[in-house]
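TrEMBL has this to say about the protein:
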| type | residues | note |
| --- | --- | --- |
| DOMAIN | 90-275 | domain 'Mucolipin extracytosolic' |
| TRANSMEM | 289-316 | transmembrane segment |
| TRANSMEM | 346-365 | transmembrane segment |
| TRANSMEM | 377-397 | transmembrane segment |
| DOMAIN | 378-513 | domain 'Polycystin cation channel PKD1/PKD2' |
| TRANSMEM | 417-439 | transmembrane segment |
| TRANSMEM | 485-506 | transmembrane segment |
Amino acid sequence: MPRGVEALDLPVRNGASGPSRGPYRRNTMAHLDSEVNEECLRQDLKFYFMSPCEKYRARHQIPWKLGLQILKIVMVTAQLVRFGLSNQLVVAFKEENTVAFKHLFLKGYSGIDEDDYSYSVYTQEDAYESIFFAINQYHHLKNISLGTLGYGENEDNRIGLKVCKRHYKKGTMFPSNETLNIDSDIETDCLHIDLQALSKNPQDWKNSSFFRLEFYRLLQVEISFHLKGIDLQTIHFRELPDCYVFQNTITFDNKAHSGKIKIYFDSDAHIEECKDLNISGSIQKNTQYILVFDAFVIVICLASLILCTRSIVLALKLRKRFLNFFLEKYKRHVCNADRWEFINGWYILVIISDLMTIIGSILKMEIKAKNLTNYDLCSILLGTSTLLVWVGVIRYLGYFQTYNVLILTMQASLPKVLRFCACAGMIYLGYTFCGWIVLGPYHDKFEDLDTVAECLFSLVNGDDMFATFAQIQKKSILVWLFSRLYLYSFISLFIYMILSLFIALITDSYDTIKKYQQNGFPDTDLQEFLKECSSKEKYQKESSAFLSRVCCLRRKGSDDHLILIN
């Protein structure tokens with residue numbers, strides 16, 4: 001028996017003999033032990049659900065995680081801004097080179113794309129001139145280009161252009177007689193033109209049989225070539241330059257055989273490690289400083305990850321203690337709502353954010369050292385992690401009743417909103433498919449399924465309504481009348497009914513939360529258990545020294561860490 005309990009002077013019933021005092025003493029001690037364990041569990045639970053400031057006032061426990069999260073917000077945001085500025089240089093260099101390539105290799109390019117293609121030709125002469133113009137410009141690239149460009153090797157490790165044409169295997173066509181005889185099998189012929197062949201008499205390769213195009217069975221002509229370039233603008237920002245490989249493709253699309261050949265230009269840029277960089281100055285030192293900063297961010301996020309993981313593990317142990325105690329004392333299980341109270345979703349959010357920040361920072365360090373070039377994946381990881389970090393700030397605002405309304409309203413309305421969106425989504429999909437199949441041939445915004453979905457979403461938000469009505473073609477009166485019925489019914493249904501009901505669901509949850517804040521929230525089993533602490537406050541004041549001493553003597557050594565659980 002512990003020393004603190006052994007010295008207690010327990011009351012003896014009148015007339016009780018010496019031997020009969022043993023069972024009474026044991027029952028009293030068992031009852032006292034149960035009360036001590038219950039009180040210790042109640043104090044641990046009460047401490048777990050305190051805010052960091054309340055914990056500091058209660059036990060002078062320094063809120064390490066709070067300070068670490070604040071530091072992490074500053075560090076991660078600074079890292080993202082620095083990476084974003086560097087990424088802007090990459091994006092600007094790619095876009096400007098793409099525009100330069102279009103002006104260099106597309107004959108008569110106006111500087112503005114016609115649609116999803118660059119421009120179009122309507123005569124055979126223009127088609128031939130456009131093909132030969134692109135080949136000649138490639139030959140004289142070094143003499144006409146303003147950029148730091150050079151020739152690159154293609155997939156076959158050859159320098160030059162690759163010209164491929166796709167056409168129907170054979171056939172004859174006489175539109176005036178409305179006769180057609182064609183083999184629908186498609187053939188692909190390719191020709192590689194290297195720099196040596198281009199340096200010879202141009203008429204030698206222009207008069208080749210390969211360039212005798214039969215436009216009535218021609219489907220596509222594709223000119224592909226690789227160029228290399230170096231981005232020197234990064235030097236002005238004290239960063240190491242990047243080496244690029246541009247995979248350029250010029251496509252002459254004649255699949256429609258409508259008398260209009262659409263010309264597409266596609267440039268796919270890849271960053272490669274420069275083989276030999278000799279740059280003097282302070283660039284190398286600046287790179288080292290950035291790498292050290294990224295390493296410090298990784299250490300901060302790793303510490304935050306460990307602390308939050310530890311808190312979740314200890315919270316699960318505390319939940320197990322509470323479930324066992326509740327089942328033993330009240331002979332029933334705790335409700336699911338109380339079980340989930342121990343799972344702190346904010347910690348899970350922080351853990352996901354930390355993992356993404358650590359992986360993104362490692363990729364960023366490799367990119368900065370020019371060992372990797374995957375800017376897109378690094379941007380997604382760092383951008384999403386920063387988003388989650390700033391969303392996590394709401395957790396600390398939630399400790400104040402005024403700011404907690406947003407979080408509680410979202411929690412209360414989310415199940416109802418999801419069920420409502422599932423029902424409304426069926427109607428939305430129906431309108432999407434209907435608009436695509438009926439209005440697609442007559443309206444640019446209804447040509448593709450994804451375009452239709454985006455157009456309808458814009459209409460729900462009241463955007464671009466008049467243009468959607470006005471751009472419908474009046475080639476078919478029946479379709480035009482159907483378009484009016486379609487658009488009016490969709491707008492009326494979704495804006496005046498569905499959207500209003502959606503807002504009403506959220507408003508109803510908000511009003512419920514406001515009433516609960518004024519009149520009190522419904523008590524669960526866990527909250528009722530914690531409230532017993534306040535009902536026994538008078539008794540605790542009288543025996544606080546005794547209970548705290550016995551609680552410390554009775555608690556196992558393995559449970560000591562549960563006190564500092566959060």
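Glycine is treated like the rest: Cβ placed from N, Cα and C.
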Same-chain residue ranges lying at least 6 outside the transmembrane segment (346-365) that approach it to Cβ under 8 Å: 69, 76, 79, 83, 291, 294-295, 297-298, 301-302, 304-305, 308-309, 311-312, 372, 374, 377-378, 381-382, 384-386, 388-389, 391-392, 395
Distal contacts, the transmembrane segment (485-506) - CB-CB under 8 A, six or more residues away: 409, 413, 416-417, 420-421, 424, 427-428, 431, 434-435, 438-439, 456, 459-460, 462, 465, 468-469
Contact set, same chain, for the transmembrane segment (417-439): CB under 8 Å, 6 or more residues outside the stretch: 446, 448-449, 452-453, 455-456, 472, 479, 482-483, 486, 490, 493-494, 498, 501-502, 505-506
Summary of DSSP states over the domain 'Polycystin cation channel PKD1/PKD2' (378-513), given as helix, strand and coil counts: 116 helix, 0 strand, 20 coil
